[in-house]
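> TrEMBL lists these features:
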type	residues	note
TRANSMEM	34-53	transmembrane segment
TRANSMEM	59-79	transmembrane segment
TRANSMEM	126-147	transmembrane segment
TRANSMEM	153-172	transmembrane segment
Amino acid sequence: SPLQDSSDDIEDVSLFDADDDVSRRSKKSKIRHPVASFFHLFFRVSAIVVYLLCELLTSSFIACMVTIILLLSCDFWAVKNVTGRLMVGLRWWNQVDDDGRSHWVFEARKVSTQGSKTSSEAESRIFWLGLITCPMIWVIFAFSALFSFKVKWLAVVVMGVVLQGANLYGYIRCKVGSRKNLTSMATSYLGKQFLRQ
């Protein structure tokens, strides 16, 4: 099938010459990309806040739905294309080759020759905290909408789970390596923890 994963490769490449730009900046600041860090959390948190306050602010379901989906879409684009690259040096995308086969590409920033870290720990924590926490909140909203029979909100909540879950999945694949099966890696980790105890 054309959408099949035919080859998953992780490449160790420089992302848009980010290594050069970061090495020139001063090491004083813990957060080297404050604008990226802000927008990494802004769109995600705004979508959640609008969802929670929507019925209090307006009676128009359509206006709320469009606002939430726009915020989720902006978040998906910003995290996938900008904040992941700047904050943790990871990037993923799908490309279609000349034969029509789909290839998932996962990239990680090259380690600089001096061995210095190009992303700060504070940025990394902000990135992963936002990336993991928000999809979990949308999953809670999905169960809440399902069990309270708010069917019209279920579509919006599913969009939140899908868009933020896709970024989470893509960046986990970048981080742990695309060739490793996530299930076998989790099983191996749990086995090691069991043997230690």
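Here the Cβ of each residue, glycine as well, is placed from N, Cα and C on the backbone.
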> Near the transmembrane segment (153-172), which same-chain residues lie under 8 Å Cβ to Cβ, leaving out any that are not at least 6 residues past its ends?
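Distant Cβ neighbours of the transmembrane segment (153-172) are 44, 47, 51, 64-65, 68-69, 72-73, 75-76, 79-80, 84, 88, 90, 92, 106, 131-132, 134-135, 138-139, 141-142, 145-146, 182.
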> May I ask for the residues of the chain that lie six or more residues beyond the transmembrane segment (59-79) and have a Cβ under 8 Å from a Cβ within it?
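Distant contacts of the transmembrane segment (59-79): 39-40, 43-44, 46-47, 50-51, 131, 152, 155-156, 159-160, 163-164, 166-167.
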